[in-house]
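These come from Swiss-Prot:
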type	residues	note
BINDING	Glu183, Arg229, His456, Arg504	L-aspartate binding site
REGION	207-210	region 'Aspartate'
BINDING	Arg229, Asp230, Glu231, Gln238, Glu497, Gly549, Val550, Asp551, Arg552	ATP binding site
Amino acid sequence: MNQWVTSEYKNRISATSVSDASVGKTLFLSGWAFRYRDQGGVIFIDLRDRSGILQIVARKEILGDDFSKVEKIRSEFVIAVKGKLSLRDADSINPKMETGKYELIAESVEILNSSKTPPFTLDEFDPSGEEIRLKYRYLDMRREELRDRLVLRHKLTFALREYLDSKSFLEIETPILNKSTPEGARDFLVPSRLNAGEFYALPQSPQLFKQILMIGGMERYFQIVKCFRDEDLRADRQPEFTQLDMEFSFVTEEDIRREIEAMWAFALKKVFQLEVNAPFMTMPYHVAMEEYGSDKPDIRFGMKLVNVSEHVKSCDFQVFTGAITSGGVVKAICVPGGSVISRKEIEDLTAWLSRDYRAKGLAYMKHGANGLESTITKRFSPEALEAIAKAVGSKEGDMVFFGADSSKIVNASLGALRLKLSEKYDPPKVPYSFHWVVDFPMFEIDETTKSWTFLHHPFTSPKEEDFQKLRDWKDGKEVDLSSIGAKAYDLVLNGTEIGGGSIRIHNPEIQSLVLEAIGIGEEDAKSKFGFLLDALSFGAPPHGGIAFGVDRIMMLLTGGTSIRDVIAFPKTQKGTCMMSEAPGPVEAKQLEELKLRVVTI
């Protein structure tokens, strides 16, 4: 490498920092050769760095012998260029490029490194599959789309830190290696070499430690932290993910929500120039489930679920009356303009809802010139059909779909159908919509074990007015635990839960009762959470908090289809890294040191 290059590093500028004030000045740039065009005696190179692209013009009459170096340059070679900035001729200006009216007339060129031919082109419109892009992630990062998302991710976390620092929050690190505790998903376990037969668990969240920080008097804590869950992966899941974790002392639910709204308003305006109107709408959990079929509803469009049980209870259609007499419900959604949906499409939708949501069928009526029409309308009185149309707000050209079963199945299936059909028939009216879901139940029945479990986590505080119900349950009285409310809240953006939190239990008695209600007795609780239970007895302040999925938020704000789109080195849906080939086997010696043996089951 020529000495002139290293001596110029301190003067290096970025490709997109050029301006009219730079015209005529000698500049030094380095980066990758993106596009290369040889026009005989003149070679045009699009030099790309992290900021963007600037066109380099290499002329033989200016470079002399150095022109032979330029002729050797190929795609993704690393190069350094020194030259004068010039304005392009009017007919060669590229309005699609940020620097499209400038070009650098090269006076010195150096090849800093060569490159193999990339296995895919690095144009943003390249259709290469995700698998090959994950394998060569370092090449994928050079593409504008991924690069911009990673830059925006940095800016967002920086803005969040800036806001929280201004509000007296302390960024405090919590342990990565801890004991395994039940938090709703499987733990990643790490064997201890020094304590043979014992294991650490990677944290699913810093939940216990951030509560202990409040007991320790830190009052306001945050951390942008890696968390780990060994669970089956979907488009919005990764085995390791990033949370913005927060905890406050001496606050109410409303105090926390107002602070969070101000934080997101600040960060989104600063990074995305997005105006957020606060306070956000608040929706009770039961309304979300009854009207949208989801605890994280997308409220940017209509098609609400409407309970029509009262209107159809006297009809002659056994599917509906049977569901009602069995304690279930009949609900409907109106699809604007949906009468064009074909029978084949309806059959496909029915099969999907049956397979994924256990729906027994999908009844439907089209709204024609004379009202609701279908093969089943003869089983309903004219008054009932008119009442249904009025309840769902249908008009000519619309389609009404019905679900008849238990509330749980109907809500889930029609909620999913609502989301699927909205894409075509009732698209969102606004690009972004934030709202809170509140008033969650504290407990629900686990369908697998048929025992009580928590909806959020076992450290969420019940509502004060329900404390006595827990005490009565402990005393053997008949208590429906599902009637106990939780001081919990979720923040939803565009139908995706981006954050969840609660006021925590700071009373040791209530904490023990909650753990006992979900089947964790005194000895078991001491074994799993002894250090927290002990800490609660030393003057724990009232406190609460929230955690946000940074990956998920970035995906929504940048138009990604998966959180893999906004993570530098993501895992596949099988939990593997295509680039490093993790996970992989380890040497026998390492297993021996850990007192472990691999067996085939």
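Glycine is treated like the rest: Cβ placed from N, Cα and C.
Taking the Cα of Arg552 (ATP binding site) as the reference point, the closest of the binding-site residues Arg229, His456, Arg504 is Arg229.
Residues Arg229, Asp230, Glu231, Gln238, Glu497, Gly549, Val550, Asp551, Arg552 are listed as the ATP binders, and the farthest two of them sit 20 Å apart at their Cα atoms. Ranking the binding-site residues Arg229, His456, Arg552 by how many other Cβ atoms lie within 10 angstroms of each Cβ puts His456 at the bottom. Taking the C-alpha atom of Arg504 (L-aspartate binding site) as reference, the shortest distance to any of the binding-site residues Glu231, Glu497, Val550 belongs to Glu497.
DSSP gives Glu497 (ATP binding site) a strand state. Taking DSSP states H, G and I as helix and E and B as strand, the region 'Aspartate' (207-210) has 4 helix, 0 strand, 0 coil. For Arg504 (L-aspartate binding site), the Cβ neighbour count at a 10 Å cut-off comes to 24, with all displayed protein chains included. Here the binding-site residues are Glu231, Glu497, and the one ringed by the most other CB atoms within 10 angstroms is Glu497. The DSSP secondary structure for Arg504 (L-aspartate binding site) is strand. Counting only the Cα atoms, the space from Glu497 (ATP binding site) to His456 (L-aspartate binding site) is about 13 angstrom.
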